[in-house]
Structure formats: C-alpha cells, structure tokens
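**Student:** Below are the features I grabbed from TrEMBL:
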| type | residues | note |
| --- | --- | --- |
| TRANSMEM | 27-48 | transmembrane segment |
| DOMAIN | 41-289 | domain 'G-protein coupled receptors family 1 profile' |
| TRANSMEM | 60-78 | transmembrane segment |
| TRANSMEM | 98-120 | transmembrane segment |
| TRANSMEM | 140-161 | transmembrane segment |
| TRANSMEM | 196-225 | transmembrane segment |
| TRANSMEM | 237-259 | transmembrane segment |
| TRANSMEM | 271-291 | transmembrane segment |
Amino acid sequence: MAKDNDTAEFGFFLIGISNYPEWRDTFFTMLLITYLCTLLGNGLIIFLIHFDPHLHTPMYFFLSNLSFLDLCYGTASMPQALVHCFSIHPYLSYSQCFTQMSVSLALATAECLLLAVMAYDRVVAISNPLRYSMVMNGPVCLWLAVTLWGVSVVLSAMLVLSLRLRFCGANVINHFVCEILSLLKLACSDTSVNELMILITGIFTLLLPFGFVLLSYVRIVAAVLRIRSSQGKFKAFSTCGSHLTVVTIFYGTTISMYIKPQSKSSPDQDKFISVFYGALTPMLNPLIYSLRNKDVKGAMRKVMAKMA
C-alpha cells in the first residue's frame with residue numbers, strides 16, 4: 001500500500017462512534033457487556049469440552065473450534081473499539097491496520113466455512129445415525145478443521161496481498177476497525193480489481209456456504225418431520241430455529257456488506273452492520289449452540305460438584 005502524504009506515514013484515523021457523541025456511553029457499555037459475555041461464554045465452552053470426556057465427539061469438536069474462533073474474532077476488534085470510544089484521535093499505524101485487517105478477514109472466512117461444516121455434521125448425524133461414527137471419525141474431523149483454517153488463511157492472504165492502493169487525501173476511516181472495504185473507499189487509485197476479487201471470494205465463502213447451510217437444514221427438517229413424538233418435533237424445531245437465527249444474522253449481515261456494488265454502500269450503515277457479525281454473533285453462538293444443550297449442562301454440573 002503506497003503512502004502519498006505525511007499522514008500516511010503514521011497510519012489511519014478511525015472515526016468510530018465519534019460522529020455520534022450522544023451515543024458514546026451507551027455504545028461503550030453495550031460493547032463492553034457483549035465482549036465480556038463473549039469471553040465468558042466461549043471460554044466456558046472450550047473448558048467444558050476439554051474437561052468432560054463425554055463431550056469428545058465430532059459435534060463438540062467443531063463447537064470448540066467455533067468458540068475458539070469467536071474468542072479470537074471478538075478480541076481482534078472489540079478491545080480496540082472500546083479504547084477508541086473515548087480517544088480524541090483514535091489511530092492505527094500501517095502495520096497495526098494491516099495485521100488487524102488480515103486477522104479479521106481470516107477469522108471471518110473461517111467462521112463462514114465452519115458453520116457449513118457444522119451443518120454437514122448435523123445432517124449426517126440425523127440422516128444417517130448408524131453410519132455417523134464411521135463418516136465423521138476423528139481423522140475426517142481433523143482434516144475438515146485443518147482444511148477450513150488453511151483455506152481461510154490462504155484466501156485472506158490473497159485478498160490482502162493483492163492490495164495496491166495509493167492514498168492521496170486524509171487517511172480517515174469511517175469505521176470502528178481497519179476494514180478492507182473502508183480502505184478501498186479511501187484509495188485514490190483504481191480499486192476495481194480488488195472489488196472484483198472481494199466479490200468472487202465472497203461468493204465462495206459466503207453465498208455457497210450459506211446456501212449449503214440452508215439446504216442442510218431443509219434435510220434436517222425433513223428428517224424431523226418423520227419424528228412421531230410431538231414433543232420431539234417441538235424440541236428439534238426449537239433448536240433448528242435458534243441455530244438458523246444466528247446463522248442468518250451472521251451470513252445475512254456479511255452478505256449485505258460484501259456482496260453488493262460498493263457505490264450503493266453507506267459508510268455509517270456498514271460500520272453499524274459490522275457490529276452484528278463482529279460482536280453480536282460471537283456472543284450468541286455459545287448461548288445458542290452449546291449452553292442450552294443438556295450435555296453441556298451436565299458437564300457444568302460435574303464441574304460445580306467438583307468445586308463444591
């Protein structure tokens with residue numbers, strides 16, 4: 001990324017919440033609560049899955065990956081956003097901006113792919129319960145996890161390393177964090193190739209996984225409809241409904257950000273939309289996927305009994 005002025009030598013200034021000073025205290029309080037819940041919920045899930053041998057199954061293996069991912073994803077952006085809430089001139093150097101953008105892209109891509117893998121795991125478990133342990137064995141689960149993390153890193157590196165941007169004016173980013181679309185809007189060089197790469201990457205990491213997740217839940221619903229017990233149906237639909245809610249929030253907000261013409265985007269709207277997938281989803285995932293689960297509740301009772 002080329003530097004054309006003195007400001008560029010130092011880095012970028014982040015507007016964040018400063019253009020809405022009346023909301024600063026409220027935003028800080030809500031974001032702090034969200035981050036603490038993210039740390040507590042996801043950290044608890046990782047600990048319980050490691051602690052209880054009964055949770056050493058494919059489903060909980062992927063859930064522990066999701067919790068670790070959400071811990072990292074939240075930590076990559078929320079502490080900085082909290083600090084900048086009351087900063088007079090919130091600023092990131094070039095190296096900090098580059099690092100944060102790369103890490104956030106890799107983690108977001110990994111979550112997109114991981115949610116699709118988790119949906120596949122549930123389809124196999126419900127549609128072929130007798131063959132589930134054979135299909136989703138240890139080596140397969142490990143291969144899926146390593147692959148999705150590897151693909152995420154490679155795709156993110158391709159996007160970031162392809163940036164050849166020149167900044168001619170004030171390097172002021174209208175966002176809470178250093179985000180790739182916000183950087184493209186600042187550039188005075190041609191960004192059409194970068195926008196095309198983001199669109200193509202978004203199709204493979206957002207639209208296709210989201211479509212796969214929806215098809216997976218269609219199959220799950222079809223299997224649930226064959227359950228004779230009305231109580232069993234209600235429980236299954238309740239679980240699927242909550243899962244789909246979180247998945248739709250995450251995919252829906254990211255798709256609305258990245259799979260659209262950048263000329264139609266609004267900086268203020270985009271930065272608040274990013275709060276949903278960058279802060280709200282990491283907090284909700286452990287509540288929806290794990291903490292309501294009877295196996296996890298059982299593991300929590302065991303831990304509390306040992307501590308008593």
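Positions of Cβ are set from backbone N, Cα and C atoms, glycine also.
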**Student:** Counting only CB pairs under 8 A, let me know which of 60-78, 98-120, 140-161, 196-225, 237-259 has the most with the transmembrane segment (271-291).
**Tutor:** 237-259
**Student:** Below 8 angstroms Cβ to Cβ, which residues of this chain, lying six or more residues outside the transmembrane segment (98-120), approach it?
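**Tutor:** Tertiary neighbours of the transmembrane segment (98-120) are 1, 59, 62-63, 65-66, 69-70, 72-73, 76-77, 80, 92, 144-145, 148-149, 151-153, 155-157, 159-160, 177-180, 183, 201, 205-206, 209-210, 212-213, 216-217, 247, 250-251, 254, 277-278, 281.
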**Student:** Averaged over the domain 'G-protein coupled receptors family 1 profile' (41-289), what pLDDT does the prediction give?
**Tutor:** 84
**Student:** Restricting to the same chain and to residues at least six past its boundaries, which positions have a Cβ under 8 Å from a Cβ of the transmembrane segment (196-225)?
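**Tutor:** For the transmembrane segment (196-225), the sequence-distant neighbours (Cβ-Cβ under 8 Å, at least 6 residues beyond its ends) are 109, 112-113, 115-116, 119-120, 122-123, 126-127, 152, 155, 158-159, 162, 180-181, 232-233, 236-237, 240, 243-244, 247, 251, 254-255, 258-259.
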